[in-house]
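Here's what TrEMBL has on this protein:
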TRANSMEM  12-35  transmembrane segment
DOMAIN    23-294  domain 'Sugar phosphate transporter'
TRANSMEM  41-61  transmembrane segment
TRANSMEM  77-95  transmembrane segment
TRANSMEM  101-122  transmembrane segment
TRANSMEM  153-175  transmembrane segment
TRANSMEM  187-206  transmembrane segment
TRANSMEM  221-245  transmembrane segment
TRANSMEM  252-272  transmembrane segment
TRANSMEM  278-297  transmembrane segment
Amino acid sequence: MATRLSDLFGNSRIIAGLLVNLLSSICIVFINKWIYVHYGFPNMTLTLIHFVVTWLGLFVCQKMDIFSPKSLRPSKIILLALSFCGFVVFTNLSLQSNTIGTYQLAKVMTTPVIIVIQTMYYRKTFSTKIKLTLVPITLGVILNSYYDVKFNLLGMIFATLGVFVTSLYQVWVGAKQHELQVNSMQLLYYQAPMSSAFLLVLVPFFEPLTGEGGIFGPWSFQALVMVLLSGVIAFLVNLSIYWIIGNTSPVTYNMFGHFKFCITLLGGYILFQDPLSLNQGLGILCTIIGILAYTHFKLAEQEEGKSRLTQRP
């Protein structure tokens, strides 16, 4: 009886964690898009608020002993903090300028770019099967972008920059975690305030501080509530991702990611009436097939690698 209760409680915690991640990951896209469309809140300022709320949330977490901070030299994470700024700012600008469908599919290109970076600069090798899955992913993104009736050249530039900087950030995060022997929360705890400081310096040069569209402008109470809610949800996304990775398997995390991807695409077309042509639909389907194939082969290779290690004398 006690074992059953323990299993039930454990499963309930996992389900609750997955639900928090599902709701927060989808809501952050829709709320940010809503803020851009209906309130015109400045992008970099919104990103700065996200960083500050994330750091405050992590400060509370470490006080509650959810994780233990580790002292790091600022010089070791300056480039990481700068790339974090670029990654979030450019992806938010992509969301602001593109339809949710194009925004989501552009983000998928992060995987091919990471593979190119790791192959060229880190001499990492990938199997032919993994490389071939990049063909339908890339083809699907191109199809969707080409036939998007709301195609926006500036939006595509932001999306491209976002993919490139995000790829660099993800590669560097993995390298820094290994180099500094820290987990993602310990790294983010030092990285978030440093990124906030960089944006605090940059915001006055790119966005107005007062008047219409400025951070100290005449914003309505509803706009301020939505912005604060967006910051809290951004923190929940980061926290729940860390929790899921630590408490479930890679299969669960990846499959759940595909489910969120599809729900977010569907929600964009329903909530914001984004037009969807047949060719765009084929592009989305092509990309999803590529993502599923990549995940299948990647996880199979990881399992094969683990079995080889266990078989060694």
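Including glycine, each Cβ sits where the backbone N, Cα and C put it.
For the transmembrane segment (101-122), the neighbouring stretch richest in Cβ pairs under 8 Å, chosen from 12-35, 41-61, 77-95, is 77-95. Pairs of Cβ atoms less than 8 Å apart link the transmembrane segment (12-35) most often to 221-245, out of 77-95, 153-175, 221-245. Averaged across the domain 'Sugar phosphate transporter' (23-294), pLDDT in this predicted model comes to 84. Using a Cβ-Cβ cut-off under 8 Å and counting only residues 6 or more beyond its ends in the same chain, the transmembrane segment (77-95) has close neighbours at 29, 32-33, 36, 43-44, 46-47, 50-51, 103, 106-107, 155, 158-159, 161-162, 165-166, 168-169, 172-173, 176, 187, 190-192, 194-195, 198-199, 202. Same-chain neighbours of the transmembrane segment (153-175): 79-80, 83-84, 86-87, 90-91, 93-94, 96-98, 102-103, 106-107, 109-110, 113-114, 117-118, 122, 145, 184, 187, counting only residues six or more beyond its ends whose CB sits under 8 Å from a CB of the stretch. Residues 42, 44-45, 47-48, 51-52, 54-55, 58-59, 62, 67, 69, 72, 74, 77-78, 80-82, 84-85, 89, 173, 176-177, 180, 215, 238 of the same chain lie 6+ residues outside the transmembrane segment (187-206) yet bring a C-beta within less than 8 angstroms of a C-beta in it. If one looks beyond the transmembrane segment (41-61) by at least 6 residues along the same chain, the residues whose Cβ comes under 8 Å of a Cβ in the stretch are 32, 35, 67, 85, 88-89, 92-93, 96, 185, 188-189, 192-193, 195-196, 199-200, 202-203, 206-208, 213-215, 219, 223, 227-228, 230-232, 234-235, 238-239.
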